[in-house]
Amino acid sequence: MFDKLFKQFAQFYESFNPSYFIIAVVAFSQGVQHLADLSINYMLKDDFGLSPAMMGLYLSYTTTPWIVKPFWGLITDSKPLFGYRRKSYIILFGIFDALGWVALSKYGTDNLYSALLLLFLIQLSTCFVNVVGEAILVEVAASASRQQTNFQHGASKNVSIFFGVRAFGTLISAFFSGALLHYFTKQEIFMMTAAFPSLLVLVSFFYVEEKVDPRNLDQNDRRNNTMQCIKDFWTFFQNPLIYKPVALIFCFMMAPSSSTIMFFFYTQVLGFEPSFLGQLKFVYALSTILGVLLYNNYLKDVPFKKIFITTTILYYFCYQSMIILVTRKNVEWGINDKFFCLGDSVMLQLVGELNLMPILVLACRMCPKNIEATMYAMLMSTINFGSTLGSQLGALFLIIMGVNQNDYSKLWLFIIVTGVFILLPLPWVGVVQEDKILQQRDQQLAQLKQKDCESDTVSTSNLRQEDDQQQLLSENEQQKS
């Protein structure tokens, strides 16, 4: 496996695109900001006294910017800022992100609504930077596909780089997040987190991007015409090859979430301290990286339907294994709580990542030229919107079943009921016609290549005409002399 990884690294180095650096920095910054996750959870739980259901609802509201990602993508695709489509937006919203963490440290820990407002601002800033990073990622994949015959490999490589680096950032933050709470206050941790978007801002100044003069923009160029971008987006989205897979992804991501109630269960019933919760987050991130490596090395050529069905079923059984923990059967069997949680977390996160990677790669492959940011943002916002509704559905089921921080007696039933939602999309997996999506993408790339060749031919003929005219002028001047 390591020999194969070394060969892939060598191939990647040979074909290295400078844009990969800013993609990696954006992804790393987003991942490492999870350093404050535990501090936020403890702030909402202990300082503001929220129940699991209300905590899940409030956190889902702060993630609203991730639902409207196509709007941010449309802005960065069609409206250059200070002459740049990507660079200026990274710098601007990186500054907003850093200021949000500083303000949360100074003013957000005393009032619930101030904290939620600042968390919303942070999520908005992080989301916009994420949209720009993913737009660059899709552009690089599309550009590379013109020289490669297999766009699947290019897409999986770029997606793996972005989400792998982001998971690496999460890995580092998880390693320290729990331990830091023993030595620093929540406010100090929020201030530390502000350093990462600040670093992104500094690095972005060195990102080389072709500058655009807004006064000389050609409105016939589809990228510069907002309404044309919207029309292109809508025309593309109306294709059944596109909207049916999007609907499937949305339904899959709507499975009710159990994250907030399990956080309360870990801290109140099992008595886990912040340091061990940090170790659990470290295991999550490590499993995510392992899942990315496994997919990119061994599973990227497996058909979408096959890997999606297999991993969904495996994920369902891994999810149901939490019943053993919440009913305390593991104690009866002599299995330590921490040991069980670590093992269960590895399997759950690993299989979950293998389940998600084909969806992310499929999203990358579906994006058309000139509206990359808008389309990819729409596909990712579908995932985020589904997850947000999943959090709200989870909170609703907790309220209906009466599961809260004072009564966990029906938590096992909550896991059984919510687990059913994981399997619900499987009968409709046939709507993903992967071969036809690839054919459509290849046709578009072929048309772009043809247009490039035609433009090169026209420019060459124009140069020849100019040379002929100059030669005639020089001959006339010589005859006159």
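For all residues, glycine too, the Cβ spot is worked out from N, Cα and C.
Any TrEMBL annotation is an automated prediction that lacks curation.
Note that the structure is a prediction, hence the values are computed from the model and not measured.
Annotated features in TrEMBL:
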{"type": "COMPBIAS", "residues": "470-481", "note": "compositional bias 'Polar residues'"}
{"type": "REGION", "residues": "454-481", "note": "region 'Disordered'"}
{"type": "TRANSMEM", "residues": "20-36", "note": "transmembrane segment"}
{"type": "TRANSMEM", "residues": "48-68", "note": "transmembrane segment"}
{"type": "TRANSMEM", "residues": "89-107", "note": "transmembrane segment"}
{"type": "TRANSMEM", "residues": "113-138", "note": "transmembrane segment"}
{"type": "TRANSMEM", "residues": "159-183", "note": "transmembrane segment"}
{"type": "TRANSMEM", "residues": "189-208", "note": "transmembrane segment"}
{"type": "TRANSMEM", "residues": "246-266", "note": "transmembrane segment"}
{"type": "TRANSMEM", "residues": "278-295", "note": "transmembrane segment"}
{"type": "TRANSMEM", "residues": "307-326", "note": "transmembrane segment"}
{"type": "TRANSMEM", "residues": "346-364", "note": "transmembrane segment"}
{"type": "TRANSMEM", "residues": "376-399", "note": "transmembrane segment"}
{"type": "TRANSMEM", "residues": "411-431", "note": "transmembrane segment"}
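Same-chain neighbours of the transmembrane segment (307-326): 252, 258, 262, 265, 299, 337, 340-341, 344, 347-348, 351-352, 354-355, 358-359, 408, 411-412, 415-416, 419, 422-423, 425-426, 429, 432, counting only residues six or more beyond its ends whose CB sits under 8 Å from a CB of the stretch. Long-range Cβ contacts of the transmembrane segment (376-399) within its own chain (Cβ-Cβ under 8 Å, at least 6 residues beyond either end) map to 52-54, 56-57, 59-60, 63-64, 66-70, 72-73, 131, 134-135, 137-138, 233, 237, 246, 249-261, 359, 363-364, 366-367, 414, 417-418, 421. Among the listed stretches 189-208, 246-266, 346-364, the one sharing the most Cβ pairs under 8 Å with the transmembrane segment (89-107) is 189-208.
Here the transmembrane segment (189-208) lies next to the transmembrane segment (20-36) in space: the count of CB pairs under 8 Å, restricted to residues six or more apart, reaches at least 3. The stretch in closest packing with the transmembrane segment (411-431), judged by the count of Cβ pairs under 8 Å and taken from 20-36, 48-68, 246-266, is 246-266. In this chain, the transmembrane segment (48-68) lies apart from the transmembrane segment (159-183): fewer than three C-beta pairs between them fall below 8 angstroms, excluding pairs fewer than 6 positions apart. When Cβ-Cβ distances below 8 Å are used as the criterion, the transmembrane segment (246-266) is approached by residues 41, 45, 52-53, 55-56, 59, 237, 272, 277, 280, 312, 322, 326, 341, 359, 363, 378-379, 382-383, 385-387, 389-391, 393-398, 403, 405, 408, 411, 414-415, 417-419, 421-422, 424-425, 428-429, 431-432 of the same chain, each at least six residues removed from its ends.
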